[in-house]
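Novice: Please read through the structure below; I'll follow up with questions.
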Amino acid sequence: MFQTLYSYFWWERLWLPANLTWADLEDRDGRVYAKASDLYVTLPLAFLFLVVRHLFETYVATPLAGLLNVKEKVRLKAAPNPVLERFYAATTKHPKQAEVETLSKKSGCTVRQVERWFRRRRNQDRPSLLKKFREASWRFTFYLLAFIAGMAVIVDKPWFYDLREVWKGYPIQSMLPSQYWYYMIELSFYWSLLFSIASDVKRKDFKEQIIHHVATIILISFSWFANYIRAGTLIMALHDSSDYLLESAKMFNYAGWRNTCNNIFIVFAAVFIVTRLVILPFWIMHCTVVYPLELYPAFFGYYFFNFMVAVLQALHIFWAYLIIRMAQKFITGKARGGLVVEDERSDREETDNSEEEEEAAVKNGPLSNGHPVLNNNHRKTD
């Protein structure tokens, strides 16, 4: 049965144009072609990426955070309460009003104390600023190096300047060593992102991130064994062109460098919109949808590849909406503290006036009528 499924899966009519077989893509006369078996190496490489990431975050990102003076926000801890803790762990982190009132009776706390306890407990579970900075540093480093490497791989190729060259001689197109390593490294990195997504900082677009990683892995894998390598390298380089800008803006955001963060974010937004909403749909997708039909009748692989690109494009539109929302807040002066990159995908720290007063008390001393009482033995400094 497995052999039958294997045969159906690799049926030439699914993945190759008419009148071509896998035998046409066998190595000969010094020409080397991409093979599905090449992709096996990406799984161990993905785990190697996780090891390298751990070392990078420990020995590079953490000291860098210290140099940039990344400071943790003071978080008030929830007082130990077995009743509330059991409900928090087993039922929900966001109790409804009726549940809050029931918990108030069971725990002997007031309703307001229960609400405050859940706010503090949820904040305790949120990732620290250092964790966010380390993640952003790792992704910034990879995306920047990947973009530089990707441009080095494609900038001297004729299909970088003339998209019709992408399909010249397809699928009998020999693979270059630089293309091999570019593909293996990119695919390995996205496998590592998928493996670590459960432990990484969770944002509101968690599901969209999973869809993005899976779609990217499928698209890279398919474009490899169906020899869509030229189109694949263009799409990967296009994606890397803006990602490192976003991660660097986050780093400066966490470090409190607001003006630098704002300026980088504006550049990122412009690059993202131009590359993802203009170049990708009107140049790259036009190249992958229109030009192949001038050479071959449409086949399943053609539809499959363009469908996966369309999935990524839909995600780009979703993220562009979030980016435009952030830019709009900045332009209209509604961004908090003039800061653009308050990530719309992130869960914010929960607080209210009483919480802020208590945090001020932790930093500055006791409160009097809602204001910190200054120690008379020290001068007040601005």
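Just so it is clear, glycine is given a Cβ too, placed from its N, Cα and C backbone atoms.
Those TrEMBL annotations? Automatic predictions, nothing curated.
Heads up, here are the entries from TrEMBL:
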DNA_BIND  69-129  DNA-binding region
COMPBIAS  349-359  compositional bias 'Acidic residues'
DOMAIN    67-128  domain 'Homeobox'
DOMAIN    131-332  domain 'TLC'
REGION    341-382  region 'Disordered'
TRANSMEM  39-56  transmembrane segment
TRANSMEM  140-160  transmembrane segment
TRANSMEM  210-229  transmembrane segment
TRANSMEM  264-284  transmembrane segment
TRANSMEM  304-324  transmembrane segment
Novice: Using Cβ atoms and a strict cutoff of less than 8 Å, what residues sit near the transmembrane segment (39-56) while being 6 or more residues removed from its termini?
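Specialist: Same-chain residues near the transmembrane segment (39-56) but 6 or more away: 137-138, 141, 184-185, 187-189, 191-192, 195-196, 221, 224-225.
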Novice: With DSSP, how much of the domain 'Homeobox' (67-128) is helix, how much strand and how much coil, in residues?
Specialist: 36 helix, 0 strand, 26 coil
Novice: Can you tell me the mean pLDDT for the DNA-binding region (69-129)?
Specialist: 84
